[in-house]
Amino acid sequence: MVLFCLVASHRTVDLNTVARLSTGALGVAEDAVSRGALAGAITLSTCNRLELYGELPEHASVDVPGAQQQLAERIARRAGLDERFVLETMDAYEGPEVPRHLFTVVSGLESAVVGEREITGQVRRALAGAQQSGTASPHLVQLFEAAARTAREVGASTGLGERGRSIVSVALDLADDITSGDWPERHALVFGTGAYAGATMAALRDRGCADIEVYSGSGRAQQFTDQRGGSPVTDESLPGALRRADVIIGCSGGSAPMPASRFPAGPRTVVDLALARDFDPAVADLPNVELITLESVRVAAPEETRESVAAAREIVERAARDFENARTARSMDQAIVALRKHTMAVLDAELDKVRTHHGCTGAEEQIEMAMRRMVRSLLHTPTVRARQLAAEGRADEYITGLEALYGLEVAVPDVPEETAPSTRQDPSDTPRPRAVG
């Protein structure tokens, strides 16, 4: 089993590029699995990240870097992006880095608002979608199920995310503080129909806002509101919707920000949750208009305590080690099976001698049962030790012992070298390249 992943997120690129990469990734996992290029694949696509997890087949024609390059190039072509740009933009992980990264992500430690819980459900839905489409290999299922357990443990054992914070919830809290009236009386206009827009709709309703309109530059507002409620806004009706809105929320990451000149006069709060910006920053200079950006959200969000973050990272590191240890232990199955076959073959040969000399009698049956119990007992300790040594990275010692004592030839399982936890820059410190092409 060789697992890897490709990642593009808000930490390294703008939201518009993430969106284009996500579009380019549509169908890539299914295609790679159907062609036999991958044994399994799961795509995690959210409003601010694209992650493609893959498993190489047992006898792959390319190594991990080669497979990653092929996938990145295919995504680039489908997205209409420069291949070299995509290769340089997407982070690549393999071996023990994969569970460590996924467990960190699912716990909210990689999120723009540390500790947010939306990502946990998104990871769960990514697995369900892959299982439904038939691209989720057993090893990838084990990885994502372990990620879900890790997220639950982080939530139960630390204070991380206990307030149920998210980018959307923090932004709406800020908007509530600076907008006149209460949510039941406010009129909201949402730009976008993606995951962020869906989360925004749910958060607005939780706060009692019922008068919600939705605009989509791609024309998907009608379909979105049919499924989630609200009223669709067309290009023709957009000026009227802007005039009616008390709160305007952008989460589409459109190709070009709306200029300030399109905003009608009057007091309103504008919330821009798109990393690529839905609205020109000059909106903040308009009379009686308050602009809330992602940077505003990061500054305003109550910081998680160092203790909570440290405790969460400890859980993630332990879970990643446990996953790798269990994986390595399972890789010793071939050696265990070889030892059992050898031992049982010796037993069967001796039992044949007993039958030849004494025939099939009640005594012979009792002897066979006793000998098989004895063999199972003798094999117990070597079986346990095989998994222990594998978990300690000493599988080669066990294999050498089998060869020396029994003449059994078994391939040594691949044991990835331990890698140090990756250190990530704060999103605000990381340059975000923009797509070309």
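Heads up, the Cβ atoms here are built off N, Cα and C, so glycines get one too.
According to Swiss-Prot:
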type	residues	note
BINDING	Thr46, Cys47, Asn48, Arg49, Ser111, Glu116, Arg117, Glu118, Gln122	substrate binding site
ACT_SITE	Cys47	active site, nucleophile
SITE	His101	site 'Important for activity'
BINDING	Gly192, Thr193, Gly194, Ala195, Tyr196, Ala197	NADP(+) binding site
REGION	413-437	region 'Disordered'
COMPBIAS	426-437	compositional bias 'Basic and acidic residues'
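What surrounds the NADP(+) site, by Cβ distance within 8 Å of the Cβ centroid and not counting Gly192, Thr193, Gly194, Ala195, Tyr196, Ala197, is the set Cys47, Gly198, Ala199, Thr200, Cys251, Ser252 from the same chain. Highlighted in sequence order, Ala112, Ile119, Ser166, Ile167, Ala195 have their Cβ within 8 Å of the centre of the Cβ atoms of Thr46, Cys47, Asn48, Arg49, Ser111, Glu116, Arg117, Glu118, Gln122, the residues recorded for substrate, and are not part of that set. Secondary structure at His101 (site 'Important for activity'), taken from DSSP and collapsed to helix, strand or coil, is helix. Closest in space to Gln122 (substrate binding site), of the recorded positions given as His101, Ala195, Ala197, is Ala195, taking the CA atom of each residue. For Thr46 (substrate binding site), applying a Cβ distance below 8 Å and a minimum sequence separation of six or more within one chain yields Glu118, Ile119, Gln122, Ala195.
Candidate recorded positions: Cys47, Asn48, His101, Ser111, Arg117. Nearest to Tyr196 (NADP(+) binding site) by Cα distance: Cys47.
Between the CA atoms of Ser111 (substrate binding site) and His101 (site 'Important for activity') there is a gap of 12 Å. Of all the recorded positions in the list Cys47, Asn48, His101, Arg117, the shortest Cα-Cα distance to Thr193 (NADP(+) binding site) is found for Cys47.
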